[in-house]
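Trainee: Provided herewith is a single structure, encoded as structure tokens, for subsequent inquiry.
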Amino acid sequence: MKPLMLQGHERSITKILFNREGDLLFSASKDPKPNVWYSINGERLGTYDGHSGAVWSIDIKWDSSLFITGSADQTMRIWDVETGSSLANLEMKTSVRGVNFSYSGTMIAYTTDKMMGHNSELSIVDVREPNNVDATPIMKTQVTPSNAKALSVLWGPLDEYVVTGHEDGCIIKWDMRTGKKMEVGQEHTKQIKDMQLSHDGMMLITASKDSTARLWDLATLEPLKVYKTDRPVNSAAVSPLVDTYPHVVLGGGQEAMDVTTTSSRIGKFDARFFHLVFEDEFARVKGHFGPINSISFHPNGRGYASGGEDGYVRVHVFDDAYYQFKFDF
């Protein structure tokens, strides 16, 4: 399992993401240029130039036509995937922390930071006409001061609600129409670094700084499973082949600034595979020279990609041994 090493970023990776077919891999980092790559051979197709700050969050429309980025330069941009041209540039009062396309691809939910006297907000804009986007949100709700700052955001099925992950470790489900809170899940004790849906959209996995990842039922926000490690988890993903290979992969590592001061043992920057049901760790994959910041399964479930603090994206394809491995129970 020799990975493809994708080197195109000058600074640490913030988010990586496959499109729905899995032929394209998008990566964003703390440098202002998101990249797109062919996932099969690691060839870089191009960059999306226009931001002037770190890109915190990205998402791709289901048909791979539009690409959105939320940045620390206080803008959210909508791009044409094919040409790399910026179709819309929505300016905010603070930096944009999380962005997510709705299932239908007609709306975008985004969260903004709490800074400079402005509150953290969750907003939804209509993007049916990407060349002529009305920057006025169709739904907007204040997250702070009644809750902690919202970091990541995801849509529930049929675009009926959105789920946000917060700095204090809670996840909140918001009604899309009214902007009111529907449910709150409070299991994590520290900041939520990443949230991803399972392939069928029924389950949600959260990765937190409290060294655990948790699996939730999306409809009820009932906590189902917990995967424990010994260091902060920055990202977690559920395998799309969950019926035959019920696996989750976790990526993390101690904070980048603590790396040289805390542990005498070098590294510990491996991707860790857990059994979805039994919560047991069964494999590790080494490679990055720093914490893994984002991890994502290939949509066909036959490999995964990870992006690290070292600025590299590594694309792995599973060997036969992965499929032959059976859990004893």
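Indices start at 1 and increase along the chain as displayed.
Just so it is clear, glycine is given a Cβ too, placed from its N, Cα and C backbone atoms.
TrEMBL annotations: computationally assigned, not manually curated.
According to TrEMBL, the feature repeat 'WD' maps to 6-47, 48-89, 143-184, 185-226, 285-315.
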Trainee: Please tell me whether the repeat 'WD' (6-47) and the repeat 'WD' (185-226) touch - that is, whether there are at least 3 C-beta pairs under 8 Å between them, with each pair 6 or more apart in sequence.
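Mentor: Answer no: the repeat 'WD' (6-47) and the repeat 'WD' (185-226) share fewer than 3 Cβ pairs below 8 Å.
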Trainee: Taking a Cβ cut-off under 8 Å, which residues six or more beyond the ends of the repeat 'WD' (285-315) line up next to it in the same chain?
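Mentor: Same-chain contacts beyond the ends: 1, 3-22, 25, 27, 29, 37, 39, 42, 194, 196, 199, 232, 234-241, 245, 249-256, 259, 267, 269-271, 273.
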